[in-house]
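Undergrad: Dropping the structure in here first, questions after.
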Amino acid sequence: MSNSDSDLRHGSWPPPTDAKPIPPSSWAKKTGFKPKFSGETNASDSGQIKPEPQPQLDLEAGRVPPPANGVVQSNNVTIPVSVPVVKDQTVKKRRDSDGVPSTNGQANPAPVTDQTPQVRRTLRHEEVVDGLVVDDEGLASRHPHMKYELRDFPGLVPISVYGIQHFVSMLGSLILIPLVIVPAMGGSHEETAKVVSTVLFVSGLTTLLHINFGSRLPLIQGPSFVYLAPALAIINSPELQALNGNKFQHIMRELQGAIIIGSAFQAFLGYTGLMSLLIRLINPVVVSPTIAAVGLSFFSYGFPLVGTCLEIGAVQILVVIVFSLYLRKISVLGHRIFLIYAIPLGLAITWAYAFLLTESGFYSYQGCDVNIPASNMLSEHCRKHFSRMKHCRVDTSQALKSSPWFRFPYPLQWGTPVFHWKMALVMCVVSLITSVDSVGSYHASSLLVASRPPTPGVLSRGIGLEGISSVLAGLWGTGTGSTTLTENVHTIAVTKMGSRMAVQLGACFLILLSVIGKFGGFIASIPEVMVAGLLCFMWAMLTAWGLSNLRYSEAGSSRNIIIVGLSLFFSLSIPAYFQQYGISPNSNVSVPSYFQPYIVASHGPFHLKYGGLSYVLNTLCSLHMVIAFLVAVILDNTVPGSQQERGVYVWPEPEVARREPAVAKDYELPWRVGRVFRWVKWVGL
């Protein structure tokens with residue numbers, strides 16, 4: 001037997017010290033406070049959350065964080081760990097990825113010997129509770145794998161860099177929707193550039209509003225993919241498709257009116273406190289298939305458009321896959337640039353590759369001009385290659401040349417919104433789906449950056465402000481509403497940046513970028529086939545992010561498996577029935593094949609006395625996310641199951657949250673605004 005085994009057996013290791021135990025003087029010991037960092041299941045009858053002793057995995061780093069209490073459990077044997085004695089020093093309440101105090105946010109690990117793991121010694125004004133460091137003010141360093149948490153401010157320069165990085169990593173989510181809906185409305189490249197600039201401006205503005213007066217979580221607001229399918233359904237309405245001439249502005253005003261009414265309904269849900277009641281029906285088993293159905297619903301648009309120029313579209317998809325999967329662990333200066341910037345890097349490389357093909361004459365055909373419509377071409381040779389010239393060449397857009405250097409987006413720039421009740425009713429239902437999406441995002445992001453999940457009042461306040469944000473998006477004319485982007489949680493987990501100050505500074509950068517007209521023109525110049533390639537990846541990721549919400553429930557439960565399976569299947573099958581109803585195989589449809597699922601209002605099975613009601617029912621039943629939500633919410637709330645099995649979201653009680661300084665500092669409104677609305681119980685702590 002080795003000496004170390006003998007020492008462990010006789011209890012002589014580690015050697016005894018003369019240090020006296022610290023008296024129970026901290027706030028945590030006085031009150032018996034025990035922070036929990038799941039906020040999820042294992043709820044007892046009294047509503048208290050049972051501690052979860054399992055170690056928190058750093059999924060990106062692939063390791064378990066070192067124990068905070070100096071004890072390692074191995075094969076049910078408790079092994080004390082030698083803790084080096086360090087001098088008392090003042091450190092920040094928040095810590096970097098390894099729990100080591102650092103001034104620049106990077107890990108500074110202590111020297112590690114071959115046999116003895118090193119851990120940080122708890123300071124005298126701190127205490128370890130359930131594996132978490134809690135100081136005298138009750139502030140818990142719950143996430144040792146995060147570089148910066150909600151209220152951290154390490155300095156103007158690093159926080160600005162991280163803020164810009166945060167928005168650049170999500171650039172694809174911000175710019176791709178305008179590149180789809182504006183051409184579908186008949187808009188030109190110049191109008192696409194204007195819409196892109198407007199989207200960036202509104203996204204920066206609403207992000208600032210949400211962080212200050214909404215949920216106060218570091219969540220970017222922008223054009224969600226949830227709005228894309230209903231927007232395309234409205235664009236392809238029979239009465240709008242029958243318009244002649246430049247119909248872009250008229251269709252945009254129709255969208256503005258529908259978005260304003262639907263967003264006002266969402267604000268009503270939030271600020272009246274109705275959302276606090278509805279969240280009792282919204283749990284991971286409901287959120288998961290609803291968000292997954294959003295990504296799956298665009299399968300008819302993605303690769304069919306990539307196939308119009310396969311040598312460029314397929315390369316776009318492959319490059320992004322290589323960066324996000326095969327090169328994801330490569331770190332440069334402490335940043336996983338290929339994982340964080342997979343979309344912008346993949347776009348730049350593929351664009352350069354397509355530019356070389358264009359300049360080398362690969363898509364040049366003698367006597368053919370891509371600017372001449374195919375119907376006016378006399379040569380059969382040119383008509384044959386027109387599609388390849390249109391989709392593969394990167395010099396067909398004049399948006400960059402025609403865009404002004406500076407342009408300030410302003411409200412009602414497309415004219416006065418047009419209001420029709422049938423389109424507004426569709427958007428009201430869509431706003432409810434976006435609220436379901438936001439509930440999942442609030443909960444998942446709060447587990448990463450905040451002391452606890454938000455209270456029902458804070459959640460309602462966030463949903464209400466999202467409604468106000470979408471009203472602003474309708475007034476400015478972005479073509480979609482402005483809501484919490486689902487990609488936020490993934491970006492926070494990858495960048496390990498949860499500071500709301502960083503996102504605020506990034507939002508200011510986005511507003512400045514939006515007034516540079518040439519940038520909008522540059523984005524509008526992205527070839528359509530490359531946009532489709534990026535969207536294939538984004539929609540696949542959206543589906544995966546939706547399904548990842550099942551980790552908060554018992555994913556192996558037969559109950560949950562059946563509910564999610566039925567929700568996803570019927571979300572694809574029922575809309576397919578409505579989309580195919582009344583269309584003969586040889587029918588001559590004026591819209592492209594990838595837009596045919598969105599013309600259901602003209603041929604759906606509902607033909608009622610009131611045509612507007614038929615439009616609403618046919619359109620809603622053709623939306624995959626609506627069917628997934630209805631099936632999931634009915635089954636999850638009627639099929640018996642325990643709270644642990646369902647993964648019921650546990651939101652802190654307002655009275656408990658007010659007594660915890662950390663929760664109050666995380667979610668209270670700034671500049672004493674909360675005191676004015678203290679009487680509004682359902683939108684505050």
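For all residues, glycine too, the Cβ spot is worked out from N, Cα and C.
Please treat TrEMBL annotations as automatic predictions, because they have not gone through curation.
Predicted, not measured: the structure shown is a model, and the values here were computed from it.
I grabbed these lines from TrEMBL:
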COMPBIAS  1-10  compositional bias 'Basic and acidic residues'
COMPBIAS  13-24  compositional bias 'Pro residues'
COMPBIAS  89-98  compositional bias 'Basic and acidic residues'
COMPBIAS  100-119  compositional bias 'Polar residues'
REGION    1-120  region 'Disordered'
TRANSMEM  156-181  transmembrane segment
TRANSMEM  193-213  transmembrane segment
TRANSMEM  225-243  transmembrane segment
TRANSMEM  255-274  transmembrane segment
TRANSMEM  305-326  transmembrane segment
TRANSMEM  338-356  transmembrane segment
TRANSMEM  418-436  transmembrane segment
TRANSMEM  502-523  transmembrane segment
TRANSMEM  529-548  transmembrane segment
TRANSMEM  560-578  transmembrane segment
TRANSMEM  615-635  transmembrane segment
Undergrad: At a C-beta cut-off of under 8 Å, are there same-chain residues at least 6 beyond the transmembrane segment (255-274) that contact it? List them, or none.
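TA: Distal contacts: 227, 231, 234-235, 414, 417-420, 423-424, 426-432, 434-435, 457, 460-471, 473-475, 477, 479-481, 681-683.
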Undergrad: Suppose I define contact as three or more CB-CB distances under 8 A, residues 6 or more apart in sequence; do the transmembrane segment (156-181) and the transmembrane segment (529-548) meet it?
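TA: Contact criterion met.
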Undergrad: Determine which residues of the chain contact the transmembrane segment (338-356) at the Cβ level, with the cut-off under 8 Å and only residues 6 or more beyond its ends counted.
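TA: Answer is 165, 168-169, 171-172, 312, 315-316, 319-320, 323-324, 327-330, 392, 394, 491, 494-495, 526-527, 530, 533-534, 537-538.
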Undergrad: Would you call the transmembrane segment (615-635) and the transmembrane segment (502-523) in contact, using three or more Cβ pairs under 8 Å, pairs 6 or more apart in sequence?
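TA: Output no: the transmembrane segment (615-635) is apart from the transmembrane segment (502-523).
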Undergrad: Mark yes when the transmembrane segment (305-326) and the transmembrane segment (502-523) have three or more Cβ pairs under 8 Å (sequence separation 6 or more) and no when they do not.
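TA: No, the stretches stay apart by this measure.
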Undergrad: Checking distant contacts: for the transmembrane segment (529-548), what same-chain residues at least six beyond its ends satisfy Cβ-Cβ under 8 A?
TA: 172-173, 176, 179-180, 225, 287-296, 298-299, 301-303, 305-306, 308-309, 312-317, 320-321, 324, 343, 346-347, 350-351, 354, 391-392, 486-487, 489-490, 564
